[in-house]
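A.B. asks: In case it helps, TrEMBL gives these features for our protein:
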TRANSMEM  B:20-40  transmembrane segment
TRANSMEM  B:47-68  transmembrane segment
TRANSMEM  B:74-95  transmembrane segment
TRANSMEM  B:107-130  transmembrane segment
TRANSMEM  B:168-187  transmembrane segment
TRANSMEM  B:216-239  transmembrane segment
TRANSMEM  B:245-263  transmembrane segment
TRANSMEM  B:270-290  transmembrane segment
TRANSMEM  B:302-320  transmembrane segment
Amino acid sequence: MSLLRLEDINTFYGGIHALKGVSLEVNEGEIVTLIGSNGAGKSTTLKTISGQVKPKSGKIIYNGQDITNTPPHVTALTGIAHVPEGRRIFPRLTVKENLEMGAFSVKDKRVIEERMERVFHYFPRIKERLQQKGGTMSGGEQQMLAIGRALMMQPKLLMLDEPSMGLAPIIVEQIFEIIKELNEEGMTILLVEQNAFQALQIAHRGYVIQTGEIVMSGLGKDLLVNEQVREAYLA
Amino acid sequence: MINEVLHTLPQVLIDGLTLGAVYAIVALGYTMVYGILELINFAHGEIFMTGAFVGTAILLTFAGFGWLASMPALVALVLVLVVTSVVTGLLGMGIERVAYRPLRNAPKLITLITAIGVSFLLQDIVRFIAELKNGNYILTGPSLFSGQIGIKVSSISSIFNDASVKSSFFIVLIVAVIMMVTLDFFVNKTKWGMAMRAVAQDRETAALMSVNVNKVIALTFFIGSALGGATGVLFAIQYGTIDPYIGFILGLKAFTAAVLGGIGNIRGAMFGGILIGIMEMFAAANLPVISHGVLGAEYKDVFAFAILIIVLIFKPEGLFGKVSVEKV
Ligand SMILES: Nc1ncnc2c1ncn2[C@@H]1O[C@H](COP(=O)(O)OP(=O)(O)OP(=O)(O)O)[C@@H](O)[C@H]1O
Ligand SMILES: [Mg+2]
């Protein structure tokens, strides 16, 4: 069943036509990856979904509802969590406060604590650093915190923008493991990556975006062995 | 010379603390708005001034009906503070909504010029209304706490002269401290305070956490302006006479205090305010002594702005400026 569907989305930054008729679909329970090189429009796709930028035309259907022009703070309430590119941890909030921000819409303190325990289960390292300022964490820790913060929203759809960026291979490995684990427990995931090889390995399906257009799509394992994909992104 | 300076020290400290508390709270308004929008809200000094007028107008009305005599001064004070805070809080929120929000994505300079425009507008509106109602835009309110209390500092050491304090001093100080402690608690310990800090640090990401950024910005303006307006009331109570232009210089000094404490830093603004208040009173009392009469007490203002310039040159991030430890 389709959880998220983009229909012919066109997004502009002033005169720059960043998304040129993007259509894609994410089904419930899937890991879908969107791969492409620098400036292809991957982040813009996620920003358009979460409402940070408004598309000029096209439709975004989530869970049967039209969320095309929904502002980001409302999109977040519908169960879409967006882990932005570059992690964007609140640098001068403590790690604990960063997590609490993820659960901003939750009133019940007990629920917040339960969710936090769940985050510690995935990222035990966060638990040891609760009182530290977010900005003083290492890159890998910040990425874990950014994902943990998104998990505090208990999203139905988790969108990750280049979680592997700038991280050591072993940390990337860990993070992709956790993405897989989250998915196996039922979370739907839309994963944006330049690291196409690793993304395609865990993804059920993938889309390839090039200068604002989807140029290819298919099963993760098929794209992984596709000649063109190998040449352009896996070389 | 040292002896002369020491003689007046107790009085300087008392007066400086009172004035400093006023600066501190007005500085909070500058620093909160700057922290969240990177906007120097020049109209904030005028919010303070408007608060002084609203408060005085309420007190004069009470007095006119003869209520003031039958009401304990403290009750009148609390009533006036609450009403004035709400009025100026809404005013600040309205200004943000009408004048600043449409310019949210415009170059900073344009918003800054708008803020200066709002300043003049408020001065003129208050002046117009005051003249209309009163025939004169200089207003003297009824005094609520007029007693003088002598403090026999000389009994501690004969170096010091005795100090004398209007009893309103304690009122100003206590109310100011309550406001600062409450704000500090709100910002650091409550959910909406945390949202405020989050929005100040990264507005886009805060929105992704389901925070309504416009609401948080409006709240920031409300709180800053409510505190500023209430401080206007305290000022009117302490110093008696007000005019529509008191917000200008005072606003600049409070802004200096905010810069001194590291603009955007709330505790820094409190500290900066107190420091500038004390230094200013120190200068007023001692400049003529130290300079052997060359510089009169009126040079005290130059003093505050000299501090501003020195801070901007040598420590532009202020005494407690944010240290950049952020990793990208
Ligand atoms: N705020 C902006 N203003 C103007 N142009 C922008 C803006 N953000 C992105 N663009 C442009 O839109 C296009 C798509 O950018 P986008 O950030 O979506 O790429 P990306 O695929 O995420 O790239 P990367 O892998 O480098 O993160 C690029 O040409 C970029 O220059
Ligand atoms: Mg990107």
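Numbering starts at 1 and runs along the chain as displayed.
Cβ from N, Cα, C; glycine included.
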A.B. asks: Which sequence positions outside the transmembrane segment (B:168-187), separated from its termini by at least 6 residues, show Cβ-Cβ distances below 8 Å to it?
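C.D. replies: Distal contacts: 14, 17-18, 21-22, 24-25, 28, 77, 81, 143-146, 149, 193, 196-197, 223, 227, 230-231, 234, 237-238, 266-267, 270.
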A.B. asks: Which sequence-distant residues neighbour the transmembrane segment (B:270-290)? Criterion: at least 6 residues beyond either end, Cβ under 8 Å.
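C.D. replies: Distant contacts of the transmembrane segment (B:270-290): 1, 4-5, 8, 11-13, 15-28, 180, 184, 253-254, 256-261, 296-297, 299-301, 303-304, 307, 318-320.
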A.B. asks: Report, as numbers and ranges, which residues of the same chain sit near the transmembrane segment (B:20-40): CB under 8 Å and 6 or more residues beyond its ends.
C.D. replies: 47-48, 92, 100, 104, 108, 111-112, 115, 172-173, 176-177, 179-180, 183, 196, 199-200, 216-217, 220-221, 223-225, 227-228, 230-231, 234-235, 238, 250-251, 253-255, 257-258, 261, 263-266, 268-278
A.B. asks: Near the transmembrane segment (B:47-68), which same-chain residues lie under 8 Å Cβ to Cβ, leaving out any that are not at least 6 residues past its ends?
C.D. replies: 26, 29, 76, 79-81, 83-85, 87-88, 91-92, 122-123, 126, 129-130, 133, 139, 141-142, 144, 225, 228-233, 235-237, 242, 244-247, 250-251, 254
